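Q: Just passing along the structure, written as structure tokens.
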Amino acid sequence: MLGLRPIATPAQAGETARSRLIVPALLASLLLAGPALAQEGGASPAALAATQTPAQASEAPTSPAPMEAQPAPSTGAPDASSAAPPAQSATPAATPSIEGQTTATAFAQGDDTTPAGALGAGHDLSAWGMFMAADIVVKSVMAGLAFASVVTWTIWLAKVLELVGARGRAQRGVRRLVEAKGLPQGDGLEAAGWRGGPVAAMVRTAVAEREHSSGLPSEGVKERVATALQRIEARAGRRMARGTGLLATIGSTAPFIGLFGTVWGIMNSFIGISKANTTNLAVVAPGIAEALLATAIGLVAAIPAVIIYNVFARTIGGYKAILADASAGVLQHLSRDLDRAKTAAVLRGPSRVAAE
């Protein structure tokens, strides 16, 4: 009787079977929970890798998929299915970080490209646009320099026409003096064609002085005529040089006036930078461009003025040399006429004595 084993009831047999199934179910749940925990712990490295290679990061959450097929042989399928949702909830953890980093990268790129695209978009950088956008002081400087440039070219046109005409008349007068045998008589000036111009004025002055000084010593007549001719020559030179002083003034002062406009415009640009609290080129460039435009207009006004002044100075010098030649020719004819009259008087003297 002691060697007989007790017969188990059906309830005890069921409990023994369930206790045998609990152990494999626990082992299967541990096997499934291990990869899920490892995947949660590795979410941040995957997110860091996503910033370098977004294409690889988007494929990373699909790698743990084969692990779900491991619990298939076990009889504890209900426990395995209860452990699977944590793994699925862990996979989207990396997705928000990837999307946030992608959005941040796109936003950063948009911030970098926006100033480059918007540079000068709100400003008209043409000459007229910069003039209209300039400060009132810079506008005044630009307008004054533009007016000075107009005055320069107006003087150039007027003086070129005047110099060409006066130089031609003076050269024709010198040629006539060279070809003439003497000064004409007082009533023959108009008939000889001595009308208008400094050379004709010299001839008329010499003839008038000769007639007014008849019977006086010839040396005094020559001195008085030479003085009158010098005054005529100086007066013609001053009249021809009229307006060139303004060219010299424009040429010497226009660059400094433009520089004043530049300094004022740059000062306003720095004030704008301080008010905007930024050193962006889109804020600085328009003001600096307007300031440099003032200097450019100053140079445009000054350079032609200096060149035209130098050309006129040489041309007027040549014109004065022609008048000097004409004055010398008039004095030569006057001296010759006076000597002829004196010789004729000397020759008439003995004949009168002999006749008496």
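Just so you know, glycine gets a Cβ as well, placed from its N, Cα and C.
TrEMBL: automatically predicted annotations, no manual curation.
Dumping what TrEMBL says about this protein:
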COMPBIAS  45-58  compositional bias 'Low complexity'
COMPBIAS  71-97  compositional bias 'Low complexity'
DOMAIN    200-316  domain 'MotA/TolQ/ExbB proton channel'
REGION    45-98  region 'Disordered'
SIGNAL    1-38  signal peptide
TRANSMEM  136-158  transmembrane segment
TRANSMEM  245-267  transmembrane segment
TRANSMEM  287-312  transmembrane segment
Q: So if I exclude everything within five residues of the ends of the transmembrane segment (287-312), which remaining residues of that chain have a CB under 8 angstroms from its CBs? That is, six or more out.
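A: Counting only partners 6 or more residues beyond its ends, the transmembrane segment (287-312) has Cβ contacts under 8 Å with 125, 127, 130-131, 133-135, 138, 141-142, 145-146, 148-149, 152-153, 155-156, 159, 163, 241, 244, 247-248, 250-266, 268-269, 272.
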Q: Six or more residues out from either end of the transmembrane segment (136-158), which same-chain residues have a Cβ under 8 Å from its Cβ atoms?
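A: Long-range Cβ neighbours of the transmembrane segment (136-158): 243-244, 246-247, 250, 254, 257-258, 260-261, 264-265, 268, 290-291, 293-294, 297-298, 300-301, 304-305, 308.
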Q: Other than its close neighbours in sequence, what residues sit by the transmembrane segment (245-267), given a CB gap under 8 Å and a spacing of at least six beyond its ends?
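A: Those are 134-135, 137-138, 141-142, 144-145, 148, 151-152, 155, 287-288, 290-292, 294-299, 301-303, 305-306, 308-309, 312, in sequence order.
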